[in-house]
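K.L.:
Below, the features straight out of TrEMBL:
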- Tyr140: active site, proton donor/acceptor (ACT_SITE)
- Lys168: active site, schiff-base intermediate with substrate (ACT_SITE)
- Ile210: pyruvate binding site (BINDING)
Amino acid sequence: MKPYDLTRFHGITIAMYGCYDSEGRISPQAVKRLARTYADAGVKGLYIGGSSGEGMLQSVEERKQVLEAVMEEIRGELTVIVHVGAAATRDGIELAVHAEQCGADAVSAVPAIYYRLSEASVEAHWQAIIDSTELPFIIYHIPQTTGFQLTSALLSRMAKQDKVIGVKISADSVFELQQFKAAGGDSFLVLNGPDEQYVAGRSMGADGGIGGTYGVMPELFLHLERCFADNRLADARRWQYRINEIIGELLSFPSLYGACKAILKQRGLHIGEPRLPLLPVGEKDLERIAELELKIARYTALAREEAGTGASGGRR
């Protein structure tokens, strides 16, 4: 058994978006507004500085600034996991130490990027970050962007440490998710990464999920999780289909994160444009964004209605 309350990491954790002002600088005010919005929505936690947060497009000091703003706004209300992955191990260590000083609940990291690293190099990189703090550590496995394939053997070795509490798996295969759950054991967290297969991940043993599209439809994912937890699997599948309609449309834009930010802007949440090379939504696509926001609003109203009545979702 791990010496931590792992239930804090169960359920819906939003991978928070990068927040900028009109000049492209970090906006602590926008960070706080967005964090407050998610806390009020009722999600379990926030994942800071990951892919959705554009952490790899920010300097170490900017990433610290983001976390400080988050903690000022929602300290003690939500579980906060800080992604500290970086190209240089020393930067990852600096970010991990800062996360501990700020009162974060855990740190997480991808393998060091750019160089094609051996398994031993990745293990040493992660171990240096783990050893730098007393915080629990969550491996972040996203091979389609890092080029590194985490093996069950490496995961098993690392999972023997008390501080290594889980893995966020954003690989496409739920078979891989199940294999990691088996390798880590019952007291090892597995967190689903692909939003479009949340139900599949939970069915194969995931304890919850961390996702970027959760940020534009938190109530839909919360309702989906309630359906699954209540063993209403037909309803859960129906809501996954509805969510996937939205995800499919979000992916039709030049940049997923640009589309998500444009949706939030429709709601009066101005968090700036994504940083290049991630593209914003162009003028010609704003009508499609407005239509997509209306669809999300309709499904959100339906989810609230179902949650209020305890009714099943009926036919799509």
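Even glycines carry a Cβ here, placed using N, Cα and C.
TrEMBL annotations: computationally assigned, not manually curated.
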K.L.:
Please work out the number of neighbouring Cβ atoms within 10 Å of the Cβ of Tyr140 (active site, proton donor/acceptor), leaving out its own Cβ.
P.N.:
26
K.L.:
What does the structure give for the C-alpha distance between the residue listed as 'pyruvate binding site' and the residue listed as 'active site, schiff-base intermediate with substrate'? Integer Å is fine.
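P.N.:
Rounded to the nearest whole number, the Cα-Cα distance is 7 Å.
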K.L.:
Return the residues near the residue listed as 'active site, schiff-base intermediate with substrate', defined as same-chain residues 6+ apart in sequence whose C-beta is under 8 angstroms from its C-beta, sorted by sequence, else 'none'.
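P.N.:
Tyr47, Ser108, Ile138, Ile139, Tyr140, His141, Ile142, Leu191, Gly193, Ile210 - these are the non-local Cβ neighbours of the residue listed as 'active site, schiff-base intermediate with substrate', listed in sequence order.
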